[in-house]
Each structure stands twice: as C-alpha cells, then as structure tokens.
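Asks: Here it is, the structure, as structure tokens.
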Amino acid sequence: MGTLRDLQYALQEKIEELRQRDALIDELELELDQKDELIQKLQNELDKYRSVIRPATQQVQKHSELQEQQRTKRQAISAEPTAFDIQELSHVTLPFNPKSAQSKDLIKEAILDNDFMKNLELSQIQEIVDCMYPVEYSKDSCIIKEGDVGSLVYVMEDGKVEVTKEGLKLCTMGPGKVFGELAILYNCTRTATVKTLTNVKLWAIDRQCFQTIMMRTGLIKHAEYMEFLKSVPTFHGLPEEILSKLGDVLEETHYEDGDYIIRQGARGDTFFIISKGKVTVTREDAASQETVYLRSLGKGDWFGEKALQGNQISCLNTDLITLSTFINCWSYKHLIGGLEDVSSKGSEDAEAKAKYEAENAFFFNLHLSDFNIIDTLGVGGFGRVELVQLKSDEYKTFAMKILKKRHIVDTRQQEHIRSEKLIMQEAHSDFITVQTFKDSKYLYMLHEACLEESCGPIPETRGSFDDSTTRFYTACVVEAFAYLHSKGIIYRDLKPENLILDHRGDFGFAKKIGFGKKTWTFCGTPEYVAPEIILNKGHDISADYWSLGILMYELLTGSPPFSGPDPMKTYNIILRGIDMIEFPKKITKNAANLIKKLCRDTPSERLGNLKNGVKDIQKHKWFEGFNWEGLRKGTLTPPSSPVTSATDTSNFDSFPEDNEDPPPDDNSGWDGDF
Ligand code: CMP
C-alpha cells in the first residue's frame, strides 16, 4: 500500500499529465482554427480560379451536348493586349502619382500577396505602385459588376468590400488586398461583383497602364542589353536578329564589393559585360606568388570573351564588381549563326513562284457562288468550317471557314482576323492555299480541304500513339514550323486537335512577328502554353518548340505533361518545369531526351531555337533513320487510313445546322482587306 505521500505524488503526476493534455488540446484547437482559415482561403482561391476559366470555356459549353458524346475540344485563349505599337511603348510616359511611403508599402505587399500578381518582377510592381491613383467610394456602392468589361485593377487602402458571384457571397476584403485583377490579366469579363460595406479608399490602375508596364519592362531591358552588345567589338558586324537573340540570353547578376568573379586558372565559360561598377583584373605571379595588378574595367567593358569563343581557360582574376551581365558560353555557341540559317530557308525558287502565281490567279477569279456546301467539318468559336465543292469541278473540294462578322466585332478580334488572312497569304506553300470572300454578315476563308483525320485529341479508348506514329506527326509539325518560322511567323496554337495530316493549318493564333522580335499576346491552349507566355515576358518562335515537346508527350502518353483541373492550376504546374514531371515508361529514353530539350524553361535554350534551327530536331537521336526526304516529297506512307474520295467526311464529327441569323456588321471598314 502506498503512503499518503505516494498518493499525493501520483495525484501530482496525473494533474501534470492533465495539464499537458489541456495544453495539447489548446494547441490542436489553434491548429484546427488555422486549418479552417486555410481551407476558407483555399476555397476562396479555388472559386477565384474557377471564375477565370469560365469565360474561356463558355464557347465550348455552347456545344456541350454535342461534345459530350464527342471529343472534348480544348479552347484556346487569346488576350490581345492593346492596340499600341510595341516600338512606341518605351516612349509612353506613365502617369506618376505621388503617395506616402506607407501607401507604397501597402500596394506592394498587396500585389505580393495576390496569387495572380505575385510573379511580377519587382521593377514592374514598383511601376504599378508609382502609377496607381487614389479613388474613393462611399458605403453601399458597386465598384465592380459581374459580367462587365473591366478596365481597372484596385488595391484597397482603407475600408471593407464584399465580393459576390451570382448573388452569393464569396468573401469580404479589407485593406491590403488586390481586386479586379482577373478581368485585366486574363481579358475576361468581371468574374464577380464587388460592393462597398463601408466608405473605402482605393488605389487604381487602368488596363492600358498596366499592360504597358507588363510589356515594356522586357522591352526596355532588352534594348539596354542590345546597347551593351553593340558596344562589344567582338559582336561588331553581327546582324540585329542575332544580337537580339543574345540579348534574350543575357542575365543580370550582382556581385558585392570584393567578390571574385573569375578565379585565375578556373575554366571560364561565361562572358561578362559590366553594366554598373568597377572590376580589377589581377594575376598571381607564379614565381613571386604576388598579386600583380593588370587593369581596371568599368561600365560597358567586357571580359571572358576569349573563353566564350572556345579558348577554354580564362585567367582573369578579378576582385571587384558591383553588377554584371553574362551570356552563358553554351548559349553563345549555339546561337551565333542561327538566324542566317533560318532566313535562307524561306527563299522560293522560280518554279515555285510560277506555281504560286498560277494558283493565285485561279483563286482570284472565284466567287462565293462558285461553291456548293457539302458538309460541316467543324464548329469553332467564331463560326463553322464547311466542306465546299467547286460547282465547275466536283473533284475540287475545299474547307471554307465561315466567320460571323458581328461576333468578330463584339469580341474585338478584327485585328486578329486580319492578321490571320495576311499570314495565310504569306504562308502560301504546297500545303496551304487561300482565298477570302465577304458579305454583310460573314467573312469566308477558303483553305485546302484535308479530309484525313485530325489526330487529336486522343480519345481515352485509343490511349496513345506508338513511337513511330508520334514520330510521323511530330515530323509533320517540324516541317510546318520550319516553313512558318522561316517567314517570321509563329504558330502558337499547337495541340493534337489542330493536327491534320497533310499539314493543313488553322492559323487562328498564328502571328507574324519578324525575326528577332517578340509578341506579348496571351494566347494558346493552357496545357500547351510556354512559361514565358504565362509570365508575360514576350515570346517568339521558341514558344512553338515548347509546344512541340508537349505535343510529343501527349501523343505518346494520351495526356499532356502539365495539366491541372483548370487553366490557372495548369499554368502553375507549367511554371514548375518539365524536370518536375515523371515520364512514364512508354516514353523511350530518346523521346524523353528530345521532349526535355524542347521544353527548356529558358526559350533560348530550346532545341529548334539554337544555331542550327530545326536541323537540331531533325538530327536528334529520336528521329534517327526517319525519312525526312520522303515526308517532304509525300512518298512516306502516313500512319492513318486514307480517305476514299474528295467528299468523304467520315473522319469528321457531325455537327448540327446553325440556324442563327447573325446581324450584319455595321461595316465600319475593318474588313477592307477581305
Ligand atoms: P475581376 O474578375 O476583374 O473583378 C471581380 C473581382 O473579384 C475579381 O477580379 C477578383 O479580384 C475578385 N474575385 C473573384 N472571385 C473571387 C473569390 N472567389 N474570392 C475573392 N475574390 C474574388
């Protein structure tokens, strides 16, 4: 039997145990509260993500019944930023609105706290901060109305607002929060309604200023880099396009006073240009072991160029610099010379020219009334594609894209459509022909009809393609890209759905950008969009090579490597990079190697965009033994069943008739080119 003392001791122990349990319960309760809060926050974010994707998929839903039984066609997104000339961007003066340091901090923190804007560069955030102007609303005002076309992004300085969607409350927001960003970033209508619960003080920035900032940060930096490169004698005589490519691969690095940039004897593979600060070059004397001062370098000076050209060892020993830019040796070697190659590919010989002119004359004399409609080949965002037949020669069939003019005007796509026509004309080759017509309600674009089956998207039941079928399709795209890129045109909407044997192209998102230039249009199909497009950094033909890697992966496995439940998630996964993706076994080592080389995060490192252009892809191990010549001459047997006649549409889905009679366009003249 225990003594009283023992019992007291045991009691004490129990009390202590209980106390510890209580503390644990408190801790867990706190954790639970935090988790609840997190769930609420994530739920909100999820709702927000959902709001963004809805507008992009609306058009698809219109045909939902049809598409339920058929394949799900992924909708491409396009957010043509603004009408202003990119060249002029750097000269646009943005309004400067002075504000207190406290307000500046609040705006900056709000942006960094916003999922959709936190990836902006700090310099961009700084510009937005400077540009924002004050706005005030009284209690019970409607700041944003769901469904409206938005033009302002806000940061809340003071007060409280309520966000609702379809009449249901989503959340309330207080100071330090951004709202109204979705419509501006993703060119959709307002995804929710925002009303004031108190008097509020806001900071606002308009769409135009916002997009100017987004675009020109890259442009100014690039122009600055170009200036540097032009000042380097090693680069004298290099064409502008190549300098521009070099400008793309420059990266800024910062060194503290006293840091070593290159150690004597180390293998040098980097070329530096000093953009700010001073560098001293020293050498250690082997005999005396003393450090001998050689020279000082300052802004605009460069070093490391010898290593760059292959003279392996750089014996510079520098010990002071504040900031420098460098080009990776690898990038340099692969880039120089690349564009001469590309530009020569476009030269057409006399025979091709004569053929082109004869075809042009033939198409020029055709009228709408010369065609019969046979069947519908497809239904898209703007209208439909019909299979038409020449009345005078029923063996001559074409695909006629019929676009509702009013729809084009309503969705502000006039510029887009005009550029599509110009590109079609420029891209005239063996596999693309074009003529356009118009009447008061429609625009008509005549393409070569391709009745072979489009190869995607791959239905669940079919699974994926084998290596050799994928190789064939990929090779077709490589050839088509080589052609388009040689004309300075990027395609931007590669996906299996758009792949039709015999290379028929849909140029809805193609854009002529010219060599060494970039575009800032946010477009493409989410799973195929390259990281630089998501990050609004400006993109060029290398975005097409990224999508080629995605296409290969999807053809080989049945689904694209980066795919989330909605576009925003997909974008986040894309930004993590291809190295985060586990490749299934069915992708062979060589195929995986090619995909990874195409899907490099850095555009200038992508295969296809290096010194040897597409040749690098054609010569890749995965293509070893592939009959490129046969593909070009059309003697290679395609891996799909051929159609039986010029009017056999059995490879296409069936579509209901379109009974809508669209209103005529007010004819403001935008369709003058048609
Ligand atoms: P925007 O669509 O431009 O206009 C309405 C704004 O409400 C939207 O941008 C977001 O800033 C905000 N919003 C939309 N959905 C949510 C949500 N689920 N939670 C919080 N804010 C939202």
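Cβ coordinates come from backbone N, Cα and C, glycine included.
Just so you know, TrEMBL annotations never went through curation; they're auto-generated.
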Asks: Among 11-59, 256-304, indicate the range for which TrEMBL gives the feature coiled coil.
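Replies: Here TrEMBL associates coiled coil with the stretch 11-59.
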Asks: Which entry in the list of binding-site residues, LEU377, VAL385, has its Cβ near the fewest other Cβ atoms, using 10 Å as the limit?
Replies: VAL385
Asks: In DSSP terms, helix, strand or coil for LEU377 (ATP binding site)?
Replies: strand
